[in-house]
Amino acid sequence: MRIEHDFIGQMEISDEVYYGIQTLRASENFFITNDKLCSYPVFIKSFAQVKKAATLANVQLGLIDEKLKIAICHACDLLIDGKYHDQFIVDMIQGGAGTSTNMNMNEVIANLALEYMGHQKGEYQFCHPNDHVNRSQSTNDAYPSALKIAIYERLSNLVAPMKALRDAFAQKAKEFAHVIKMGRTQLQDAVPMTLGQEFETYALMVDRDIEQVLDARNWVRELNLGGTAIGTGINSHPDYRSLIEKKIQEVTGRPFVMANNLIEATQSTGAYVQVSGVLKRIAVKLSKVCNDLRLLSSGPRAGLNEINLPKMQPGSSIMPGKVNPVIPEVVNQVCFAVIGNDLSVALAAEGGQLQLNVFEPVIAYKLFHSFVILGRAIETLTTKCVEGITANEKICHDYVFNSIGIVTALNPHIGYEKSAMIAKEALKSDRSIYDIALEKKILTKEQLDDIFKPENMLSPHAFKKHKD
């Protein structure tokens with residue numbers, strides 16, 4: 001055991017751990033979610049990148065020596081490479097605007113650096129968590145900057161599964177291009193379309209959301225490093241701000257810049273609201289698609305039954321043979337959670353006061369949670385559902401030609417009133433539109449066959465009105 005102290009008192013710390021007294025206090029104070037910082041390696045990596053960039057700037061400004069720089073950068077590189085992440089034990093939701101997270105990072109880096117230099121953990125006179133690792137920084141600029149860097153990476157990582165889902169829908173659109181089916185509005189028969197057209201819209205929806213995700217990265221490119229406590233830059237070198245911008249770009253390989261006004265950037269959480277809004281948009285639209293898939297596959301004998309979803313597991317403990325659409329159902333629920341997380345982000349952003357928003361920890365937690373579950377849900381939907389969907393072509397075809405909805409195709413030829421009369425009689429007599437129109441000699445068989453050709457009902461085409 002080793003003894004560490006702060007201005008509150010002292011505590012015993014295990015010699016096996018790399019965190020220190022402030023981390024231990026925080027872990028005891030904030031047992032809230034049991035979801036710890038180590039659950040989000042992208043945040044640990046981005047925070048280590050901030051610390052490394054700051055160290056590189058500090059040594060160039062003569063604020064720390066070369067020996068410390070080498071040791072601290074070595075420690076940061078270990079964390080960036082995914083090592084020692086189990087040392088990050090603070091709860092994601094915490095009081096203090098993220099100070100506990102920042103100090104967990106400072107203490108682990110300091111003790112790794114001490115070990116590298118041949119010292120014992122806790123010998124902070126040689127490398128101090130605050131004086132050296134946190135030099136030229138405050139939690140109030142380090143935490144949000146690390147968070148934005150992590151969000152940038154999570155946005156980038158979300159693109160690949162979204163592209164896979166888009167491509168899966170596009171492939172189904174090609175497979176189903178020849179399958180005519182009934183389009184529906186307000187759950188009522190409308191006009192014909194193809195199943196391929198239906199799936200093509202899903203592919204396009206995802207493609208447009210990919211554009212939104214890529215654009216959202218621009219909202220988190222502005223950092224507030226160098227602002228320190230409230231954005232005025234107190235305790236930082238006059239040249240630190242311009243230098244840290246270059247160093248963070250070098251360390252991350254990403255186009256991050258410092259905000260023009262660091263005071264505004266320190267208190268603003270608008271970028272998080274925008275990013276969360278994009279995730280909510282994806283969730284809302286994805287949930288709607290899952291609603292469609294569940295409805296289109298309903299049955300199999302007393303529902304629409306136009307498509308078949310892959311059979312994943314038995315669906316009932318009491319009804320033999322029942323199979324449920326479990327994959328769309330789980331994605332629906334993920335989407336509900338993401339939408340709820342967005343509300344939490346909005347409330348936390350609104351709750352800020354004066355020069356700092358202390359609620360960034362819950363913003364970070366909800367955003368990371370949304371990224372994780374949404375990414376997994378998209379992958380699950382792609383591989384366990386969409387790729388295995390098949391069409392019930394005969395059912396789709398029969399729905400069209402037994403439907404009242406195809407009467408719409410007669411409108412340009414015989415007018416609305418005659419078409420409505422035919423529809424009314426078809427409903428009353430339970431006969432087809434085609435048979436009634438032919439029986440009443442409103443149109444010839446040749447004319448009806450031409451009008452009801454699938455290709456003439458699926459897209460705009462030239463026509464001429466038939467005489468009475």
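Positions of Cβ are set from backbone N, Cα and C atoms, glycine also.
Over in Swiss-Prot, the protein carries these features:
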- THR99, SER138, THR139, ASN140, THR185, SER317, LYS322: L-aspartate binding site (BINDING)
- 315-324: region 'SS loop' (REGION)
- SER316: active site, proton acceptor (ACT_SITE)
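Shown here: features listed in Swiss-Prot, placed on the structure.
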residue: THR99; record: L-aspartate binding site; Cβ contacts under 8 Å, 6 or more apart: THR139, TYR143
residue: SER138; record: L-aspartate binding site; Cβ contacts under 8 Å, 6 or more apart: GLY227, THR228, ALA229, ASN235
residue: ASN140; record: L-aspartate binding site; Cβ contacts under 8 Å, 6 or more apart: ALA97, ASN224, GLY227, THR228, ALA229, ILE230, THR266, LEU356
residue: THR185; record: L-aspartate binding site; Cβ contacts under 8 Å, 6 or more apart: none
residue: SER316; record: active site, proton acceptor; Cβ contacts under 8 Å, 6 or more apart: LYS322, ASN324
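DSSP gives THR185 (L-aspartate binding site) a strand state.
Secondary structure of the region 'SS loop' (315-324) per DSSP (helix as H, G, I; strand as E, B; remaining residues coil): 0 helix, 1 strand, 9 coil.
When the binding-site residues THR139, LYS322 are compared by the number of other CB atoms within 10 angstroms of each CB, LYS322 has the fewest.
In this structure, SER138 (L-aspartate binding site) belongs to neither helix nor strand by DSSP; it is coil. For the region 'SS loop' (315-324), the model gives a mean pLDDT of 77. THR99 (L-aspartate binding site) carries a helical DSSP state (H, G or I).
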